[in-house]
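As written in TrEMBL, here are the features:
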type    : residues                               : note
BINDING : 46, 120, 145, 175, 179                 : substrate binding site
DOMAIN  : 180-341                                : domain 'S-adenosyl-L-homocysteine hydrolase NAD binding'
BINDING : 211, 212, 213, 214, 215, 216, 232, 335 : NAD(+) binding site
C-alpha cells in the first residue's frame, strides 16, 4: 500500500506537466467520447502513461494494460493504477516469458472483449494476430506510436493482412518532431550520466542514424563539446548531418577510436559482433531506438566473454585479453530503461494518442478502411495549441483579408498535408 501511495504522488506530479490531458478531462465532463470503449494497451508504464490511462477512463473507456518493455515499468505507478481499479499486468524486470504472459492476461479474459488497441512497438497487435485473430471482428482500430510498430503495421497492410484501420501516431507531426527530437535531445545525456557518470567534453561519439532521434542526440552531445560522427544510409539525412557540422562516416572507419556508440536507426544488427570485437577498451555502447535489435547483443553471450553486472542496467563485457566494453540496458532503450524522459514532451504524445483513439472509435462506418492512417492535421494543431498556455504563448490570428489571401480557414488547418515543418 505504501508503494501505491508513492505511485499516486508520482502520478499527481506528472499531471502538473501534462496540461493538455487535463484540459481533455475538463472538456469531457459533459460528453464522454469514449463511452463503451474497451481499450487494451501495451506501452511503457510510467507516471505519464498513468495520466493518459486515467484520462481515457475519465473519457468513458475501460482499460486493461501491459508493458511494452521489460525494464521501463515503474512498479509504484503500476501499484497505484491497480489500486484505483485498472487491471495492469507489468513489473520492472520481467523475463521474456513473463512479458508474453502479461500481454496474454490483458487480452484473454472471460466476458471482456477489447474494441480498441493502443500499442507501442506492435507486440500486442502481433500477439492478438497470432493467438486470437477472431478478436479483430470486434476491434474498431489500432493506435500505434513507435517507428517499429508502424513499420510492422505497414508490412501487414502490404500483405493484405491488416483487418482493421490503424492510426500511425508516430508520424504525426506532434509526435515525430517533439517526442522523437526534443525528448531524446534532453534524455540522452541524462541516461548516459546516470549509468556511467561520464564526462562528455572532448569524447568521440558515433551516432548511427540521423532521423529525429539521431538529430536530438547529436545536438545534445555537440553542445556538451563531444566530437560527433554520424552514420546514415539515406543521402538526404546524411546531407542534413553534414550541414549540421557532423562528420559522416561508416562505422568501420571510426569503430577503433570512438568512446561511445549510440544506435538510433530502427534497424537490426547495426552494431555487429565484428564491430564489438574492434572497439577500444571501455567503449560505451547503447541504443536509443525502440527495439533491442540494433546492437547484436546475442552474439556477446558466448563462453569466451565474461559478463559483469557493475550496477543496475550496466554490464561490462570482458574479452579474454582484458578489454571490456560497457553495455547499457542490454541494448534496450536507454532513456526509458536508465533515466526519465521529460513529462511535458510525453504530454504531447499522449494527447495525440488520446485523440487518435477518439477519432477511430467515433468514426462513422467506412470512413477508415483496413489501412494505416495519419492523424488529421487539424488534430495535430489542436494538440499543439493545448500546450501553448504553459509557455504563456500568444498566437496571432489571421485577419479575414489575410485568410482570404492565403486561401485558408481562419481556424486552420494552416498548412497543406505535404508540408514538412
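Quick reminder: no glycine exception, Cβ is built from N, Cα and C everywhere.
TrEMBL annotations: computationally assigned, not manually curated.
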| task | Find the shortest Cα-Cα separation between residue 46 (substrate binding site) and the binding-site residues 211, 215, 216, and name the residue that gives it. | result | 216
| query | Using the residues the record lists for NAD(+) (211, 212, 213, 214, 215, 216, 232, 335), what whole-number Å value is the largest Cα to Cα distance? | reply | 22
| Which value in Å gives the longest Cα to Cα span across the substrate site residues 46, 120, 145, 175, 179 as recorded? | 18
| field | Other CB atoms within 10 A, centred on residue 46 (substrate binding site) | value | 23
| residue 145 (substrate binding site) versus residue 214 (NAD(+) binding site) - Cα distance in angstrom | 18
| Entry from the binding-site residues list 211, 214, 216 having the most other CB atoms no farther than 10 A | 214
| message | Is it possible to get the count of other C-beta atoms within 10 angstroms of the C-beta of residue 179 (substrate binding site)? | response | 26
| field | Residues satisfying Cβ distance under 8 Å from residue 120 (substrate binding site), sequence separation of at least 6 | value | 42, 43, 44, 68, 144, 145, 146, 149, 290
